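Database features (TrEMBL):
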type	residues	note
DOMAIN	104-285	domain 'Malic enzyme N-terminal'
ACT_SITE	Tyr127	active site, proton donor
BINDING	Arg180, Asn435, Asn479	(S)-malate binding site
ACT_SITE	Lys198	active site, proton acceptor
BINDING	Glu270, Asp271, Asp294	divalent metal cation binding site
DOMAIN	295-548	domain 'Malic enzyme NAD-binding'
Amino acid sequence: MESALKDLSTPTGGVEDVYGEDCATEDQCITPWTIAVSSGYNLLRDPRYNKGLAFTERERDAHYLRGLLPPVISSQELQEKKLMQSIRQYDVPLHKYVAMMELEERNERLFYKLLIDNVEELLPIVYTPTVGEACQKYGSLFKRPQGLYISLNEKGRILEVLKTWPEKSIQVIVVTDGERILGLGDLGCQGMGIPVGKLALYTALGGVRPSACLPITIDVGTNNEKLLNDEFYIGLRQRRATGQEYYDFLHEFMSAVKQNYGEKILVQFEDFANHNAFELLAKYRTSHLVFNDDIQGTASVVLAGLIASLKLLGGALCDHTFLFLGAGEAGTGIAELIALEISNKTNIPVEETRKKIWLVDSKGLIVSGRKETLQAFKKPWAHEHEPVNNLLDAVKAVKPTVLIGTSGTGRTFTKEVVEAMACMNKRPLIMALSNPTSQAECTAEEAYTWSEGRAVFASGSPFPSFEYDGKLNIPGQANNCYIFPGFGFGLVMSGTIRVHDDMLLAASEALAAQVTEEHYAKGMIYPPFADIRKISAHIAASVAAKAYELGVATRLPRPADLVKYAESCMYTPNYRSYR
């Protein structure tokens, strides 16, 4: 029987569909397998197969559900309507987050149905900014495991720990060590909310099956004294392991992942501190399929916004000058991808294209005179210039056309800074990318008001539309959710074994191509999130096409129409009929 089922598994994104769940059409029946056929009370407790009041009369007879449910039979659409009404009654976003997580734990398909159909409303709940508060309070919110916790207590046994996860056909792992959660700092083990949220979006926005996703938190301690003294903290109560001990532990983890899941497992590093993020990406990108969303995903989504904004700003990318506030993993990652894109379009060496890009860190403008004291990842951005100590003076000296904030510090794009940008540019591009909302360098209202309505604005967290001088301005959200779900899905569906920078450029161009004239008329440089599944399919197709071109895709032969293939591979949350 198993061999027959294997033959049926067509487009499942690179993982064997042992039970035939995804190769069946929606009008065909499937079997709700766990270890055995799930039925009765156990079926209602299984979030993967539970349909609540949507079980039909025949299903209630076949699976011993008589008496366990009220007699009414509801459609999935009615269940969705009822739950959305319930969620909207909460005034506090964290309460909505808890309600959504509880739904995921009891009815997986209904959770994703709500998220897909109401993505613009629910995205800020299951991801930034609400997920930041959820991580801060994760110890109090914790009820049941949503992923794997691998602590120093498991040193030497990580492979054994990976084998305890019930799903075996894993395609995507999102892993964090909790040291730099959003703009909130070291949250230790409580950073698990980030991998859980990211993988929910891999499914809802990118179409990766929930059963193929694995959230992992690496717990090496925390330097957050408040957490160490919190009686409800759920992680190791010790200072962070560093140096060789830390890197040996991470190496054991990466080796165990590859041994257990194979060459094509995608590992996404999430919210590691700068000094570790660059080191881990550099070390494993040539031996594993790895992706750092903070460095590469952020860079790709910002580059997409820059490419799209050229329609409003005028000129080519090489005609603009860029100034960053923040020179960490996000800032330098974005800067490098911009330099690569300009280099690809102009055939100018990347060492030269970097000179169009300037960075300001906590000590001022990064210039060659500071080179001896700079961290390695900042040195390529140390250009010839006299020292400049603050952002306002840097704006006046560099005269940028684009100002990008990745500092993690709120309200640093002051009125004077924005006015200086508006004075020098007919349409200044201002991107306040730090998360959560409280850490944004400025608000949309401030950017539009201080620039007299001329700014093109985008942020990391959502801001409401703002009317200035009779014109409605819709701020863009340079949210990584535009990129990483489709990017990762493109890698998975093509069986790619390594990530290349050209794939990130392809993803950026695919996203920018989704912005229409109607969007530009409203000052938008990103398409609306309502179209995210379509956008992700196009990004996945572009990434897969580049992987085939580079010879790192293993799923052969290459599908003739990659967009249609991507759409056919995507998980859909509609209820299935049970035998």
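Cβ from N, Cα, C; glycine included.
Across the structure, Asp271 (divalent metal cation binding site) and Tyr127 (active site, proton donor) place their CA atoms 14 angstrom apart. Spatial neighbours are here defined as Cα atoms within 10 angstroms of one another, and by that definition the neighbours of Arg180 ((S)-malate binding site) among the recorded positions Tyr127, Lys198, Glu270 are Glu270. Taking Glu270 (divalent metal cation binding site) as the reference point, none of the recorded positions Tyr127, Asn435, Asn479 has a C-alpha atom within 10 Å of its C-alpha. For the recorded positions Lys198, Asp294, Asn435, a Cα-Cα cutoff of 10 angstroms around the residue listed as 'active site, proton donor' retains Lys198. Close to the recorded divalent metal cation site, the chain also has Thr176, Arg180, Ile181, Ile194, Phe269, Phe272, Ala277, Asn292, Asp293: residues not among Glu270, Asp271, Asp294 whose Cβ is within 8 Å of the site's Cβ mean position.
For Asn435 ((S)-malate binding site), the number of other Cβ atoms no farther than 10 Å from its own Cβ, over all displayed protein chains, is 24. Within the set of recorded positions (Arg180, Lys198), the lowest number of other Cβ atoms found within 10 Å of a Cβ is recorded at Arg180. Every protein chain shown contributes to the tally, and the Cβ of Asp271 (divalent metal cation binding site) ends up with 26 other Cβ atoms within 10 Å.
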